[in-house]
Structure formats: C-alpha cells, structure tokens
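Trainee: Provided herewith is a single structure, encoded as structure tokens, for subsequent inquiry.
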Amino acid sequence: MTEGKCAFIGKCDSQKLELTTRSDPDEGKDAAATEDSQGTYWEVPSLQELVEILHSAPKSCRHGDEVWANLFLGDMFLSHDKFGLYQLGITHVLNASHGKLCCKGNEDFYGTTVKYYGVAANDLPTFDLSPFFYPAAEFIHHALTSGGTVWLKMTVVRDDKRLCLGAVSHYFCLLPLPGRILVHCAVGVSRSAALVLAYLMIYHHLSLVSSVRCVQQKRWICPNRGFLRQLIGLDKKLREQSVNVLMQH
C-alpha cells in the first residue's frame, strides 16, 4: 500500500450485485450491504460499529498530519502558523470552524497566495454538516488538482569590478506549486475530519469504514455522533448510486 492511499477491502463483481439491509442503525442492526457473486459484503456500518472503530485507534494527535497525499488534517494552532504553512507548501486552507473565536483564519489572514474556504460549523451532534459535504469535497479536489503559487525571493550577486565587491539584487517572483491543502477546525478531529472523510468517499469512492481506517493510519479522529450519522447517510447514498450504475451494466 502506498503512502496516502488506502486500498479497498474485498472485491466487487459488476455481474451480480444486490442490496441488503438490516434494521436500527443506532443499535448496530441496520447496515445496508452489497453482496457480490463471491459473497463478499461491503457493509454500511451502524453507528455503534463506527464508534467502536474510531475508539480502537491510539488517541494521539499532532497539530497536523498528512492523511492523504498533499492533504493535511490539523488544528487551529497549525492554521495560525503562517510560516509553518509556508514550509509545508500549503496552497489552500479549508476552515471547518470559520467565524469561531478560536480560529482567526479568513481570506485576509492568509493573503492572496493561499486560497481559503470557510465552513461555519458547530461541533454539535445537532448541527447539520451534510450540506457542506459536496462543496467542501469539491474545494479539496480542486486544491489537489489545480495547485497554487507562492512568492519566492531570489538573490542575484553580480561582480562589480569598480567597487571590488559583488552587487546584490533581490527579486520576487510567483512560483507555481502543486496543490497542498490544510483542512482544519479547532482540534482537527471532528468537524474537519468529517469533511475529509466525505471527500474520500465522494472523490475516491472509498466506503465510510475504508475512509476512517485510511485516515486513522495517520491521525486519530473522532467526529461527533451527529456527524457520524450524516456520514452513514452519505455512505448509503453513494453505495446505492454505485449499485444502480452496476445494475445498468
């Protein structure tokens, strides 16, 4: 497995695919599942199953971790460290706690060389984050595929025989960079983590469980139960879309 990538578990045969369900997701009984001709199940997890997977990982975090190639998941401390972001080559910032007192990032804070997108989300189980799943995923995808620019200071030294010393000139130019994005909130484990999981599900066609395990390889995450329910809903929606496409073939 290559760094920043996560392989699917199981195998899908497009010749035969069925949708099965269980009941009551909160009690671990309702998980939509697809079954291929080899009998391999790709299940949408129940809430309890998802919580157990999240709690099984070591509880340790740094200010930021590269959880996917050129995609960093972090906290407010890293988002405030403009020099640190410059060293990482960050070209885009997605702030999932936009407008909160703890997170001061906005378009003016980062300047013109970093593209900014803010989501004014509350880390509460009652907050509906799902309307931001697709816009945030699109911003992340655009960041990783379009790149950005950074100001580069160049120093040129020319010999000056008349003065017996080198004449120094400084130039600044915009240097194109591959896209690198920081997705953050206050702590970098709930709001921003949920948006990163949604991105992996939407653009890389990972299941919710595969997305969680992929991110867990790099960083401990723990979206609140409300966000988990919304991600389960997204997982079901994407799985049903995949089933419909396969049925048409």
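Sequential numbering from 1, following the chain as shown.
From the backbone N, Cα and C atoms, a Cβ is placed for every residue, glycine too.
Annotations for this protein, taken from TrEMBL, read as follows:
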type	residues	note
DOMAIN	62-240	domain 'Tyrosine-protein phosphatase'
DOMAIN	179-219	domain 'Tyrosine specific protein phosphatases'
ACT_SITE	Cys185	active site, phosphocysteine intermediate
Trainee: Name the residues of the same chain, 6+ apart in sequence, whose Cβ is under 8 Å from the Cβ of Cys185 (active site, phosphocysteine intermediate)?
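Mentor: Correct list: Asp75, Met76, Asn95, Ala96, Ser97, Cys103, Ala121, Asp123, Arg191, Ser192.
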Trainee: Within the domain 'Tyrosine specific protein phosphatases' (179-219), count helix residues (DSSP H, G, I), strand residues (E, B) and coil residues, in that order.
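Mentor: Tallying H, G and I as helix, E and B as strand, the rest coil: 22 helix, 4 strand, 15 coil.
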